[in-house]
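Inspection log for the structure reproduced underneath, given as structure tokens.
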Amino acid sequence: MEEGLLVRKIREGTVIDHIPAGRALNVLKILGLTGREGLTIAVVMNVPSRKLGVKDIVKVEKRFLEPSEVDKIALIAPSATINIIRDFQVASKRRVEPPAVVTGILRCPNPNCVTNSEREPVTPRFVRVSLSPLKLKCAYCEETLSEAEIVDQLVSPYG
Ligand SMILES: [Zn+2]
């Protein structure tokens with residue numbers, strides 16, 4: 001593995017691999033990691049990848065992911081794989097999958113959508129209409145969200 005040359009192995013924690021190039025810092029944001037937690041974090045960007053051309057990798061020692069964090073990572077890095085490391089070995093490896101229905105994580109950009117109604121707001125719900133590039137459609141007003149808009153919403157400080 002080429003990345004082994006760049007970053008030493010971790011004893012236990014999570015390696016998020018096959019992140020689209022340029023999204024590693026967004027993944028850290030989603031995990032709420034700033035580097036001040038005292039955890040060893042390795043971020044490798046623009047690593048050559050057979051599958052993606054170039055990719056980013058994030059390794060976090062002593063940190064495992066909540067299902068809601070996995071869902072959010074799937075939305076901004078649909079190609080990512082999540083490796084759980086224990087005793088320097090890959091204990092489990094799985095590919096993320098953007099959920100077919102996304103409830104409550106994203107906002108509908110249509111101001112007239114019932115999910116944005118001031119009086120009786122309905123929980124936003126989006127249906128996945130395309131995987132690559134990722135595209136979601138509001139279940140109520142059919143407004144679509146592009147992959148770029150999804151990333152923006154998930155990493156914006158107001159999101
Ligand atoms: Zn809508």
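Backbone N, Cα and C define each Cβ position, glycine as well.
Record features, source Swiss-Prot:
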BINDING   Cys108, Cys113, Cys138, Cys141  Zn(2+) binding site
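Overlay of Swiss-Prot annotations on the structure.
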residue : record              : CB count, 10 Å
Cys108  : Zn(2+) binding site : 24
Cys113  : Zn(2+) binding site : 19
Cys138  : Zn(2+) binding site : 21
Cys141  : Zn(2+) binding site : 14
| query | Can you list, in sequence order, the residues of the same chain other than Cys108, Cys113, Cys138, Cys141 whose CB lies within 8 Å of the CB centroid of the Zn(2+) site? | reply | Pro109, Asn110, Val114, Thr115, Asn116, Pro124, Ala139, Tyr140, Glu142, Glu143
